[in-house]
Amino acid sequence: MVSNPVHGLPFLPGTSFKDSTKTAFHRSQTLSYRNGYAIVRRPTVGIGGDRLQFNQLSQAELDELASKAPVLTYGQPKQAPPADFIPAHVAFDKKVFLESQGIELNPPEKMALDPYTELRKQPLRKYVTPSDFDQLKQFLTFDKQVLRFYAIWDDTDSMYGECRTYIIHYYLMDDTVEIREVHERNDGRDPFPLLMNRQRVPKVLVENAKNFPQCVLEISDQEVLEWYTAKDFIVGKSLTILGRTFFIYDCDPFTRRYYKEKFGITDLPRIDVSKREPPPVKQELPPYNGFGLVEDSAQNCFALIPKAPKKDVIKMLVNDNKVLRYLAVLESPIPEDKDRRFVFSYFLATDMISIFEPPVRNSGIIGGKYLGRTKVVKPYSTVDNPVYYGPSDFFIGAVIEVFGHRFIILDTDEYVLKYMESNAAQYSPEALASIQNHVRKREAPAPEAESKQTEKDPGVQELEALIDTIQKQLKDHSCKDNIREAFQIYDKEASGYVDRDMFFKICESLNVPVDDSLVKELIRMCSHGEGKINYYNFVRAFSN
């Protein structure tokens, strides 16, 4: 066994050491020139700078030694006996640290790894006996057996998303999955039959296969830890395939039998996923701005092109040209408004009200139309449900509020009484009684006044003859209309008498020919003490 000349150790792998102080490993120079001639010299140091352990002889001495024959001089040399061989394990037995020899060693280092030794350390392969259930047997056993599931994909959380239905087929013969779209009539989609073609679907990928280009390359078993199997498809649970979460809500009878026999699952109920209509949104009308009727303004919110509100045609035909007239006074703290009178006209066909103010000469107030035809809303009624004034709200003493102005009903015409008596169910007994008492009191003057007038003026026949003469003479006069109403406006107590000054003012406003001799005589006969005139008899001359 060759030993290491420096350390005395056997020259084996792991027992040879390198001197870290050696840096030059080139061969020594053996060719030189002297006086132009090349001279060969023997090297004194070897590779690495180690000194060569032999005498340096010249070439002449070497030639001389080569020509000598020592055998001729000394004879045949005797061969020395071989030295006893001592194995290394005997020579170095019980010899551990080299400090006794004066040799200092470096700190221990890790042994270099041997590739072959490391290969031998790998565990041996384990061989498992393959199951008898191979792919061929699976194909032959479950051929044409398909599990059918009904699922939905709810994408309503995203913009323009919707809830769509699908049919998932699971083929037991090769554990592949197919997803088919369910199309409805007029759903606005192209009739593509498949969302996903038949293929195996990975459930869990390996850590390094998350960035695998699945769109261009097929996934193999090296990139998948677990595939989807039949036990992953359960009714009532969700599963994610191709980034979409499908909720399984039902399956066919064959699938129910398979799960009962294979997995012992018997409770697979059908889940109701039908679309529920959202609660209707209440249409809130904007606040009423005060222009026009509420019904007309609301039509702008019901349709893009507003239409007129529907009218009760039967009511309009039955009540056509039927008008109820009332005399009212304005309730106002202003002194100038106390003597103002207004005529309310209630149109039964449309439930509208118009207000007319009779003109009074030299009153400083321009009479005429005060309010055009419109429906008047009762106070304290809401905009969403307005309540309008009706015929039952008008009676003697009733307060009618029209757009912030309060009016008090003072008088009516005879047609109102006839209408109320024919439609007594629409009125309260108090309202009907107030109108009846007022009309009777107006048409029949006080008995005391008639008795006094009869006692004072025994010529009643003369008065009747004068009234007939005036009626014949002034039958075409323009003052005939509304002359009674004009006097009743200023007769607040309905006594049948007015002041003399007021009497002439009313006659002047109505263009009554008071300068006529017959009219003067009639005024004289209707005059009463204390400066009052009985206008009942005077009006009779102009009412026929």
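Every residue, even glycine, has its Cβ placed from backbone N, Cα and C.
In TrEMBL this protein carries:
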COMPBIAS  442-458  compositional bias 'Basic and acidic residues'
DOMAIN    143-263  domain 'DM10'
DOMAIN    320-424  domain 'DM10'
DOMAIN    478-513  domain 'EF-hand'
REGION    439-458  region 'Disordered'
On the domain 'EF-hand' (478-513), the mean of the pLDDT values is 73
Checked against DSSP, the composition of the domain 'DM10' (143-263) is 16 helix, 50 strand, 55 coil
In DSSP terms, the domain 'DM10' (320-424) comprises 16 helix, 43 strand, 46 coil
